[in-house]
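Here is the structure we will look at, set down as structure tokens.
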Amino acid sequence: MAHRAPSGRAPAAAPAPSRRLARRVLVLFTLSLSCSYLCYSLLCCCGGGPAAPRKLLQKSRPCGRPPPAEPSGSDAPARRPREPPAPPAGSPPGPARPGAKRLPQAIVVGVKKGGTRAVLEFIRVHPDVRALGTEPHFFDRNYDRGLEWYRSLMPRTLDSQITVEKTPSYFVTKEAPRRIFNMSRDTKLIVVVRNPVTRAISDYTQTLSKKPDIPTFEGLSFRNRSLGLVDTSWNAIRIGMYAVHLESWLQYFPLSQIHFVSGEKLITDPAGEMGKVQDFLGIKRVITDKHFYFNKTKGFPCLKKSESSGLPRCLGKSKGRTHVQIDPEVIEQLRDFYRPYNIKFYETVGQDFRWE
């Protein structure tokens, strides 16, 4: 076999060690750069931005999912509202919530056997009035129980409604004016007055029905009848000295906050008297003639049946009862006794009730 003659070019030499090292460094640098880029991309995906490396220790959402949209409108979760700052001590309470129990804005403070129950039952017909049916006796007997106890007795009312309570003994209770003033100096007061002689006889008639063994009306009314000395310590007599009791109330309340209802006109013209009461309370005249009819048996007006109730409403058996017969001379002596008190009362309130 013929041998090829060698060419003039020398065979290639093996790569030098330095060149192999350079290639390895270049490969490692390329891999390191690729890994860094990959890690940076992963961090941006999972952390949400260039600041993601700072959140490596925080819980992040899975990669590949877009961030959840911020909820709005009715779909937004309810956030717990910040608690309002507590009101300063001694500040007045805020407006009552619908259906809340509130302290009364108006009180029927007197007088016993004057017609207070009739006024309360009549005014309760008004849609803007809610009244406590029982007598709480807070400002005379139960004051130590506190205002919160008193408030708890009241009916629930809307913000547009007036809360009313009635306790006739307040009018003759010395501490009542001050106590009511301390509750609210804006309280409106209603006083139902009646001829003091007739009122005393009615008071006695009621007591006699419960205690048949009590002394006679004449015996209780006078310390010495022959001298005309009236016993003012007997409560039935003392209540009718309206001018004396009114002085205590005028120390705390102006006359503009006290409305006087005629017990006599409440019988003969209930709509007229209740119209004045509605005006005093600042509410629309809703209670009119159409709400009443005269019950001849009781001798007293009653409420006609309403659309919600099929029966008329009259006062209880104790109202409108027949009075005991009293000696006319005794009645005349009591009229003489009350006359100066009545005149002073007329002058003070600016109204003549014509009891003379």
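We count from 1, first residue shown onward.
The backbone N, Cα and C atoms fix where each Cβ goes, and this holds for glycine too.
The region 'Disordered' feature in TrEMBL is assigned to 59-103.
Sequence annotations record features per position, and here TrEMBL assigns compositional bias 'Pro residues' to 84-96.
Averaged across the domain 'Sulfotransferase' (104-339), the predicted model reaches a pLDDT of 94. Summarising the annotation, TrEMBL assigns domain 'Sulfotransferase' to 104-339.
For K113, G114, G115, T116, R117, R194, S202, K319, G320, R321, T322, H323, the entry in TrEMBL reads 3'-phosphoadenylyl sulfate binding site.
The active site, for sulfotransferase activity feature in TrEMBL is assigned to K113.
According to TrEMBL, the disulfide bond annotation covers C302-C314.
Taking each Cβ in turn and tallying the other Cβ atoms within 10 Å, the top scorer among the disulfide-bonded residues C302, C314 is C302. The Cβ of G115 (3'-phosphoadenylyl sulfate binding site) has V192, R194, V261, G263, L266, I267 as same-chain neighbours under 8 Å, each 6 or more residues away in sequence.
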